[in-house]
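Colleague: Pasting a structure below so you can have a look.
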Amino acid sequence: MNGNGTADKPGPPGGKPFGPGMGPPIQYPTGFKLYSIMTGLYLASFLTALDRTVLVVAIPQITDHFNSIDDIGWYGSAYLLTFCAFQLLFGKIYSFYNPKWVFLSAVLIFEIGSAICGAAPNSTALIIGRAIAGLGSSGIFGGSVIITFFTVPLHQRPIYTGIAGVIFALASSVGPLIGGGFTNNVSWRWCFYINLPVGALTVVTILLFLNLPPARKAGTPLREQLLQMDPLGNLCLIPGIICLLLAIQWGGSTYAWSNGRIVALLVLAGVLLIAFVGVQLWLQDKGTIPPRVMKQRSIAAGMAFTICVTAGFMSFNYYLPIWFQAIKNASSFHSGVMMLPTVISSGVASLACGFIIHRVGYYTPFMIGGSVLMAIGAGLLTTFTPTTEHPKWIGYQVLWALGCGMSMQQASLAAQTVLPKPDAPIGISLIFFSQSLGGSVFLAVDDSIYSNRLAAKLGSIPNLPQSALTNTGATNIRNLVAPQYLGRLLGGYNDALMDVFRVAVASSCACVVAAAFMEWKNVRAAKAAGPGGPGGPGGPGGPGGPEGLRGGNKV
């Protein structure tokens with residue numbers, strides 16, 4: 001251990017000096033320095049995960065404050081559009097510039113967006129702030145994993161990946177509780193202001209403790225740097241993603257799917273995304289997504305797996321609380337408490353699997369086994385009825401959440417394992433792009449199924465207009481009908497929610513198929529290879545090596 005809190009790495013076997021092209025060994029931070037860096041990263045990750053759910057219970061007060069009922073959809077969509085659209089561009093930026101400064105820039109953008117939201121004088125300013133915060137989040141989300149990639153040895157990363165899974169599950173579940181606490185006791189503006197001091201703490205810890213080698217752009221002319229960012233590809237990708245998400249957000253709710261606006265958006269999205277694929281095939285390694293990375297077996301399977309597991313996670317995370325509120329007459333706060341079996345089980349499974357993978361090295365068995373548990377648990381959750389008692393809704397949650405916790409984080413670990421270090425930021429960004437896009441698409445699918453099935457099931461109840469179903473919260477549905485129709489009302493809500501849960505069953509089964517295509521790679525193999533080995537410190541594709549991320553070679 002040296003005086004800087006980093007571990008000194010030994011030279012090649014036999015005590016020989018590092019040979020030509022091997023480069024010096026990398027020094028990973030240890031002890032207090034490492035823990036400080038990871039704390040900063042976890043705080044930033046917590047904020048981005050929290051920001052996606054904390055606003056849910058605050059929206060009614062915001063719309064009352066600004067008299068902006070027509071803008072409700074934009075409070076979530078503005079954040080989501082920039083969050084998804086810029087994920088892959090940030091991956092390219094991380095692969096070319098020093099991740100420390102890219103990450104800090106993303107945190108600063110997120111903080112600016114949060115400050116604008118908190119101080120917003122009108123609804124338009126709030127929407128702009130949400131879009132800026134989403135842009136910052138797109139760099140934080142994958143950036144925290146990319147920095148972990150450069151600060152933690154591969155064989156130890158499963159532990160930190162497991163902790164990240166706990167953070168994500170906790171933030172996603174407690175967001176509505178925190179939002180409700182601020183909204184009811186202080187002000188909805190504190191749903192955004194809380195990000196400022198926590199984000200500042202992240203900035204301080206990363207500034208003080210994270211030190212990375214010089215960026216690959218050193219000595220590269222500015223024009224060449226801009227060309228490395230694939231401007232043509234991103235001019236196709238970013239508008240294409242925005243058009244796709246707008247069509248998904250508006251289709252079936254604001255406008256009919258056959259409406260000219262939706263059709264035009266879908267056609268434009270298709271044309272732009274096809275053009276993006278063409279640009280990537282033309283540019284090859286100089287593109288935003290090198291085709292060889294996309295064709296890597298574990299990356300392709302990992303993206304499919306991530307889309308499917310996120311679909312199930314979002315379905316239950318959003319609609320299971322609605323079941324508790326509508327069917328079990330739970331308050332918003334109490335429904336959050338009733339979700340604790342999911343939070344605790346997924347967190348424990350994620351952390352335990354991290355330690356086990358650290359010991360045994362293989363992550364693929366946990367993806368396969370976790371997918372099977374998810375499929376079984378999701379299937380059992382579709383058996384809920386208005387009379388289902390707590391032993392079942394607790395036990396079925398636990399079974400599904402254990403599978404989710406076992407498997408959800410492993411695709412990003414696979415990207416770090418199978419790719420050489422120059423490609424790792426791109427691979428990690430692809431996984432997180434799949435997560436954000438999959439969640440967005442399937443939430444829209446769930447919402448369409450839920451709304452249509454609810455209207456079909458409850459349309460025959462006397463004196464129950466369609467507007468009452470869409471404008472009444474789940475906690476107040478019992479006030480919509482006379483007592484003699486309450487059973488039909490609850491049965492209709494239950495049936496509509498079970499149809500949504502069946503989407504999660506299908507996606508969980510698809511996870512099993514995707515996981516079966518993952519390669520069986522051992523994260524401990526890189527440790528055994530030692531410094532100078534392929535992908536290892538000082539070796540080809542490794543930090544300090546001739547083809548490493550910091551090596552200065554052109555892409």
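Placement of Cβ uses the backbone N, Cα and C atoms for every residue, glycine included.
Copied straight from Swiss-Prot:
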REGION    1-20  region 'Disordered'
CARBOHYD  ASN4  N-linked glycosylation site
TRANSMEM  30-50  transmembrane segment
TRANSMEM  71-91  transmembrane segment
TRANSMEM  101-121  transmembrane segment
CARBOHYD  ASN122  N-linked glycosylation site
TRANSMEM  132-152  transmembrane segment
CARBOHYD  ASN185  N-linked glycosylation site
TRANSMEM  190-210  transmembrane segment
TRANSMEM  232-252  transmembrane segment
TRANSMEM  262-282  transmembrane segment
CARBOHYD  ASN329  N-linked glycosylation site
TRANSMEM  337-357  transmembrane segment
TRANSMEM  364-384  transmembrane segment
TRANSMEM  393-413  transmembrane segment
TRANSMEM  425-445  transmembrane segment
TRANSMEM  497-517  transmembrane segment
REGION    528-555  region 'Disordered'
COMPBIAS  530-555  compositional bias 'Gly residues'
Colleague: Using the alpha carbons only, what distance in Å do you get between ASN329 (N-linked glycosylation site) and ASN122 (N-linked glycosylation site) once rounded?
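Modeller: Cα of ASN329 (N-linked glycosylation site) to Cα of ASN122 (N-linked glycosylation site) measures 34 Å after rounding.
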Colleague: Would you call the transmembrane segment (364-384) and the transmembrane segment (190-210) in contact, using three or more Cβ pairs under 8 Å, pairs 6 or more apart in sequence?
Modeller: no
Colleague: Across all the protein chains here, work out how many other Cβ atoms are within 10 Å of the Cβ of ASN185 (N-linked glycosylation site).
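Modeller: There are 8 such Cβ atoms around ASN185 (N-linked glycosylation site).
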Colleague: Same chain, outside the transmembrane segment (425-445) by at least 6, Cβ under 8 Å from its Cβ: which residues?
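Modeller: For the transmembrane segment (425-445), the list is 80, 83-84, 87-88, 90-92, 94-95, 99, 138, 141-142, 145-146, 149, 241, 245, 248-249, 251-252, 288-290, 293-294, 296, 299, 302-304, 306-308, 310-311, 313-315, 318, 411-412, 415-416, 418-419, 503, 507, 549.
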Colleague: With DSSP assignments reduced to helix, strand and coil, which class does ASN122 (N-linked glycosylation site) get?
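Modeller: In the DSSP reduction, ASN122 (N-linked glycosylation site) maps to coil.
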Colleague: Before we move on, state whether the transmembrane segment (190-210) and the transmembrane segment (101-121) share at least 3 Cβ pairs under 8 Å, counting only pairs 6 or more apart in sequence.
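Modeller: Between the transmembrane segment (190-210) and the transmembrane segment (101-121), contact is present.
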Colleague: Using Cβ atoms and a strict cutoff of less than 8 Å, what residues sit near the transmembrane segment (393-413) while being 6 or more residues removed from its termini?
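Modeller: Distant contacts of the transmembrane segment (393-413): 145, 157-158, 161-162, 164-165, 168-169, 302-303, 305-306, 309-310, 312-313, 316, 320, 338-339, 341-350, 353-354, 357, 363-364, 366-367, 369-378, 380-381, 383-384, 428, 431-432, 434, 508, 511, 515, 523.
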Colleague: According to DSSP, does ASN329 (N-linked glycosylation site) sit in a helix, a strand, or coil?
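Modeller: Note: ASN329 (N-linked glycosylation site) is coil by DSSP, not helix or strand.
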Colleague: Give me the Cα-Cα distance between ASN185 (N-linked glycosylation site) and ASN122 (N-linked glycosylation site), rounded to a whole Å.
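Modeller: Cα-Cα, rounded: 22 Å.
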Colleague: Considering only the recorded stretches 71-91, 101-121, 132-152, 232-252, state which has the highest number of Cβ pairs under 8 Å to the transmembrane segment (262-282).
Modeller: 232-252
Colleague: Quick check: do the transmembrane segment (132-152) and the transmembrane segment (232-252) share at least 3 Cβ pairs under 8 Å, counting only pairs 6+ apart in sequence?
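Modeller: No, the transmembrane segment (132-152) does not contact the transmembrane segment (232-252).
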